[in-house]
Amino acid sequence: MDYGLLRFFHILGAVLIGAGLVGVWMSDLRARQLRRLEPFAEAVRSIAVFYDGLVVPGALLLMVSGGALIATVYGGLDAFRVPWIAGMVALFAFEFIEGNTVTRLYFMRLRRLSRAALEAGRGIAELERAREAAVPAFTHFLDLPLFVLIVALATLRPESWTAFGLGAAVAVTAATALTLLIPRLYPWTLDEAPASPLPAPRGEGAPAPKSKRPPL
């Protein structure tokens with residue numbers, strides 16, 4: 001396949017992943033600020049839409065086009081001697097496995113529990129425990145920093161492992177800080193107060209006002 005076409009598909013895959021990860025991040029942040037069950041469940045559903053609609057297709061496109069570029073342009077297995085190529089492949093493999101096991105499965109569980117809570121008409125303890133899980137929160141907050149590091153390696157193409165090590169340390173530090181900071185900024189609890197009943201419209205159970213006109 002033509003190099004320009006492979007490069008186009010590779011960039012397109014990266015754009016899809018980046019857009020999906022930003023959407024997941026913003027939807028999760030929005031869900032943490034919601035106290036009513038219905039909008040919370042909708043925000044969790046949006047996370048699944050971003051994952052399945054953008055992140056997964058983008059990852060598959062990036063994997064296929066990247067493998068073809070390594071095989072046809074960068075010398076096959078010899079490419080893994082180059083720090084920036086080997087670093088990108090290692091980070092992508094880690095993100096692909098982690099994203100489709102820990103993080104994605106966690107949000108799928110969160111979606112299932114939010115549906116169960118909607119059917120029950122109230123918050124359930126298992127949903128609150130799942131929302132406070134630390135490991136899935138860390139892997140979720142790690143996704144964007146690692147993606148930025150992958151883009152930086154592809155753009156800057158450092159020839160030493162020092163840049164890769166420093167970038168990985170910064171990404172892990174950022175994810176750790178977000179894991180500790182975000183739950184404290186937005187502590188999550190469901191508002192159990194029932195919605196106030198709407199007044200019945202006239203003609204549907206509401207009695208008509210009595211006339212005050214004096215009798216003739």
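Using the three backbone atoms N, Cα and C, a Cβ is placed for every residue, glycine included.
Now, the feature entries from TrEMBL:
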type: REGION; residues: 196-216; note: region 'Disordered'
type: TRANSMEM; residues: 6-26; note: transmembrane segment
type: TRANSMEM; residues: 47-72; note: transmembrane segment
type: TRANSMEM; residues: 84-107; note: transmembrane segment
type: TRANSMEM; residues: 133-155; note: transmembrane segment
type: TRANSMEM; residues: 161-182; note: transmembrane segment
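The listed stretches are 6-26, 84-107, 161-182; of these, 84-107 has the most Cβ pairs under 8 Å to the transmembrane segment (133-155).
Taking Cβ pairs closer than 8 Å, the transmembrane segment (6-26) reaches residues 46-47, 49-51, 53-66, 68-69, 72-73, 107, 140, 143-144, 147, 150-151, 154 in its own chain, all 6 or more past its ends.
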